[in-house]
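Structure record follows, encoded as structure tokens.
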Amino acid sequence: MSLKGKTLLVSTITLAAVVLVALLGGSVFLKAGQNVRKAFEEYELAVEALDKLGELETKVALFVNNAAKIEEVSSLFNELKKVADKIPSLKEHMDALERNISEIISGKTEVVSRIQSSVDQVKEDIMANLDRTRENLDKEISYSSELIRNVLFIVLPIVAVASGVFLFVMISRSLRLLKPVMEASRSLRNNDLTINIQEAKGKDEISTLLNEFKASIEYLRNNLKDVQTETFSVAESIEEISKANEEITNQLLGISKEMDNISTRIESISASVQETTAGSEEISSATKNIADSAQQAASFADQSTQLAKEAGDALKKVIEVTRMISNSAKDVERVVESFQKGAEEITSFVETINAIAEQTNLLALNAAIEAARAGEAGRGFAVVADEIRKLAEESQQASENVRRVVNEIRSIAEDAGKVSSEITARVEEGTKLADEADEKLNSIVGAVERINEMLQNIAAAIEEQTAAVDEITTAMTENAKNAEEITNSVKEVNARLQEISASTEEVTSRVQTIRENVQMLKEIVARYKI
């Protein structure tokens, strides 16, 4: 059986035991519950019977005293009979009660005492029956509790002990099977593959694991033997390849040295030719640069002359605009002065309005006082006087606002006047400087025109010299090309040799790496005991 099946078996047995205990306890509780329900029903019937007996006793007494009808007594007795069918102790007395009630109906009142004694006897029997039922119920509950307690304290421990023993046996066997695996793991950690594991004959997971582990160790041992054999063979081949590669490298080094000597001599010849060519090219280049510079200088001189003339025209326009700005600034000063005068006049008007408002306020106050003295006749005049006083106060407040605004405008006008004066001064100064600059630009234009004529003469002479230098440079360039072709051919051969040498060195490096890896592999394989 597999480990999973064994574990499932233990769980099933334990669960079955628990279910058995639960079913047993449930049946006991079910039986006890039925008894309790039956006792409770009997108790309810007894209580109902006692109530009916009490009511019957009361109705009989009322009937004897002509306070109740015979139908009520009969109806109540019939209800009591229905209850008595379910209570044996009450049913025994129903015939006697029925005879006594019949006699009372026929007019025999002395029977009432017998009915009362019968009812009391029935009540005593019912109460005695209830006591017996309660005692039986207590015994039933005690028995059920004792039975369940015995089951819980006897059956469950037995099941738990049995399950524990079974699990202990199963785990012990599993650990015994795993012991060779642990020993083999320690041997593998010590690089020892000579360990021999006995084959397990079980069919559970632990036995399967042990057999798979045994097969893995044997597979690893066989592979390591093959690796050892192949490693020694590869090491011998690497040594032979390394020796052959060293011989090729030495031959390539000798050829490379001879090619370096040839290349050095050709490079020396080429360098001399190149120096001569470079000198003539430098002369030609310098001559061309001088000619170009002279032509550029002449062109710049023409441009400078044109720009100077344009600058003179622009400067004249600036002078005219500056003078116009100066005139406008003076006009602004006049406007600002007129504005300040108008502000002073507005201030005077505001003060006059303010004085009138104060006088109006005083007159309105006096009118209000006189209206108050006049009583009812002056009430309307007092209202008008109060409105006039408010209007005077609003006028006074508005005049104050106007004065404040006028003061702000006057301050701004003063600032504008100062700025305008400063602009006028700066414009006059700029006009003087512009006049001086105009005179100097005229002088510069004349000087640049003279320089332009001299540069044109220099450019013509340099062009003739440049043509002669170009002829010398052409001849030297052809010699330099021939030397370069020879040098390039030698360099190409040398480059090919260098590539071959580099490839050989790379092969040597890789062979050395392989040699080191093989040596490391030999050391690793040698650690294992096979």
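Glycine too: its Cβ is placed from the backbone N, Cα and C atoms.
The candidates are E103, E275, E505; Swiss-Prot tags E505 with the feature glutamate methyl ester (Glu). Comparing Q34, Q116, Q303, Q498 with the features listed in Swiss-Prot, the residue bearing the annotation deamidated glutamine is Q498. Just one residue in Q274, Q306, Q340, Q519 has glutamate methyl ester (Gln) written against it in Swiss-Prot, and it is Q274. All protein chains considered, the CB of Q498 (deamidated glutamine) has 14 other CB atoms within 10 Å. E505 (glutamate methyl ester (Glu)): 13 other CB atoms within 10 A of its CB, across all protein chains.
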